[in-house]
Each structure stands twice: as C-alpha cells, then as structure tokens.
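The following features are taken from TrEMBL:
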DOMAIN    54-242  domain 'tRNA(Ile)-lysidine/2-thiocytidine synthase N-terminal'
BINDING   G57, A58, S59, D63, V87, G170, D175  ATP binding site
DOMAIN    285-315  domain 'Cytoplasmic tRNA 2-thiolation protein 1 C-terminal'
COMPBIAS  317-330  compositional bias 'Basic and acidic residues'
REGION    317-340  region 'Disordered'
Amino acid sequence: MPAPTCASCHTARAALRRPRSGQALCGPCFCTAFEAEVLHTVVAGRLLPPGAVVAVGASGGKDSTVLAHVLRELAPRLGLTLRLVAVDEGIGGYRDAALAAVRRQAERWGLPLTIVAYEDLFGGWTMDAVARSTAGTGRGRSCCTFCGVLRRRALEEGARLVGATHVVTGHNADDVAETVLMNFLRGDAARLARGGGLGSAGEGGALPRCRPLQFASQKEVVLYAHFRRLDYFSEECVYAPRAFRGHARELLKRLEAVRPTAALDLVHSAERLALAPAVRPPRPGACSRCGALASRALCQACALLDGLARGRPRLAIGEHKHEPRDEGPRSRAQAAAAAF
Ligand SMILES: Nc1ncnc2c1ncn2[C@@H]1O[C@H](COP(=O)(O)OP(=O)(O)OP(=O)(O)O)[C@@H](O)[C@H]1O
C-alpha cells in the first residue's frame, strides 16, 4: 500500500506517523511542527526571555544535539544568544568520543563551545576515580547519583564562565517521566514537587534552568535528528547499566505499550503535583562552604566531595543516621534529583 499524503502540506508522501497523534507527515513538515512545538513550550512557559544568553548543556547525545539545533533555528526569533557548555566527567572510553561529537557540532553550527572538567573543578576527582572509590562500598550502583550532583554543579560553573543568564538541558518527556516514576516508587513528594514544571526559576542565586524538550517524546527527538541529519553520539555511559533508572525505563515502555501517552501523562501529573501547596519543599538556603543552593548545611556536591576526600564515600551522599543504607529511600531520591 503506498504511503498516505502528508496531512500538513497535502503534497509530499508521508514519511512517518507521529507516535502520539498518529498524524501522517512528510519529513520537512514533521520538523517544522517539532520546532513550532518547542517554540510554543519556550514562549508559553516564558522560559527564555529576549536577550537571554543561553548555556546549552551539550553532551553530544541525541537530546542535547536536537535541543541545540532547534534553539539555533529559533534564536533569531526569540532574541537568544547561544553558548555550548560541555562537561567532561572523566569517564574513560565514553566521554572523549562524546566530546568529539560536541566539537564537530560547535564547528558546524558556528557556536562557541566551553568544556569544563570535573578534574579541574573538584580537586582532581574524575568520575572514574569516584567509581573506584565507591566500588565495594555498596555505593557502586550510585555512580549516576554522584555524577548527576557533580554535573549539575559543573554545568552551572561552565554557564557562569561563559556569561550565561540561563541554562537549558535536553531532557525529553521520557527522561522526565522516568524521574517521576522513580519518585512515585519512593513516595518522594518533595522531589515530585520539584520535578514538575519546566525547570527551576533560579532560586538562591543559581541560574534559571529549563528543559525546552520536556514535552517531546524520545521517539520524536530521534526522528527529528534523523530528518535533519544530525550527527550525534549514541553510546550509553559505561556506568548507566548499574542505575535504578533502567528499571523505570522498562516500566515506562510497558506502560506506553498499552497507553501511548503514558510519558506525557506523567510529565503533566508532576506539573499538577508541583502546584499542590502541601507538597512544596521548604525554601532552600545556601551551602556553608561554597554558597550554592542547599537544603542542609552543605550542598550535595560539597557533601559528596567531603566524604570522598575523607575516604568514606558512604558518608558522601545519601547517608543519614535515621535512614536506611545503600539503596534506601534517601539515596534513591537523590538519584532522581541528579537527573535535573
Ligand atoms: N557531559 C555533559 N555536558 C553537558 N551537558 C550534559 C552532559 N551530560 C548531560 N548533559 C545535559 O543533561 C541532559 C540529560 O542528560 P542525559 O544523561 O540524559 O544525557 P545523554 O544521554 O548523555 O545525552 P542526551 O540526553 O543529550 O541524549 C542532556 O540532554 C544535556 O543537556
């Protein structure tokens, strides 16, 4: 059976059916629709004001590649200046290849690129060193938690370095839905409240952060990259198979098999929960060591580095005398926080 005609231009043959709506579109019309939807997310959510200098967290992966490409298309209309900021976590056999992809993108798109490294920012600690230090302590599976905390800090540092006023990341609807599921599984109302919305407004002196692809499904991100012929790095991080997130991903896939809107439904659920006053977390204060946003005396990054420096990674993060050890609720909650 021949492909149907594109439902938008009514001229070309359709090349795909949109996963959620089933609408048949040709490649160019799909890309135009995708870009218009991201534009709508940014404008309706008032995420990036005209004149903003935007640091795009560039990992070389599909999401941040698509995000940088779409924002570059929209930048003249939105009045944005873009900077790519990549974080080198020091993960042998993984990050170097991903950074090579980011360098190619920066060159092709004529965007300035700044790379900040954990090793320089965090007293010589690379992610590989953290992984070695936590191996055998029951914390080995928490690599993604540690990494997420440090990456968030590193991205903030990099963004400040390039004079950015805003930070954007490429989290898509599936990423956010996985985080919501993880938070539901642990009954973490405070994280659910924080995970909703399109990002954070920049409390406590932190730069405002947002996720303009939050309503885009992973499938459509991949389709956009395909039709725009984007060059990205697609290997999984060497530490990812140990992460709890993989289970949430499997669960989401099974939910989507019977309910194609499941990911987006979860994103909207989190938004509604964020509006519920009863679950709003207390206003965070400042870290006594570095001044960054913190809900305790030390921010997560300083607490983690402190524990690592003392050779006691169990104390570094997620340990509290009243809370269970290892994969207990607290540590899992931080895994979710790390995703944002
Ligand atoms: N090393 C990094 N440097 C800069 N930004 C990063 C880095 N890793 C992740 N990010 C930001 O956080 C977002 C979500 O992170 P995630 O771990 O899902 O990234 P990824 O799987 O490596 O790549 P992507 O999400 O871009 O496909 C990315 O889209 C990107 O904006």
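Placement of Cβ uses the backbone N, Cα and C atoms for every residue, glycine included.
Remember, TrEMBL labels are computer predictions, not curated facts.
Note that the structure is predicted; figures quoted are calculated from it, not measured.
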Maximal Cα-Cα distance (Å) across residues annotated as binding ATP, namely G57, A58, S59, D63, V87, G170, D175:
19
Which is it, of A58, V87: the one of these binding-site residues whose Cβ has the most other Cβ atoms within 10 Å?
A58
Note the mean pLDDT of the domain 'tRNA(Ile)-lysidine/2-thiocytidine synthase N-terminal' (54-242), expressed as a whole number.
90
Does G170 (ATP binding site) have same-chain partners at least 6 apart in sequence with Cβ under 8 Å from its own Cβ, and which are they?
V56, G57, S59, G61, K62, D63, S64, T65, V66, L67, R211, L213
Neighbour tally for D175 (ATP binding site), based on other Cβ positions within 10 Å of its Cβ:
23
Helix, strand and coil residues within the domain 'Cytoplasmic tRNA 2-thiolation protein 1 C-terminal' (285-315) as assigned by DSSP:
13 helix, 4 strand, 14 coil
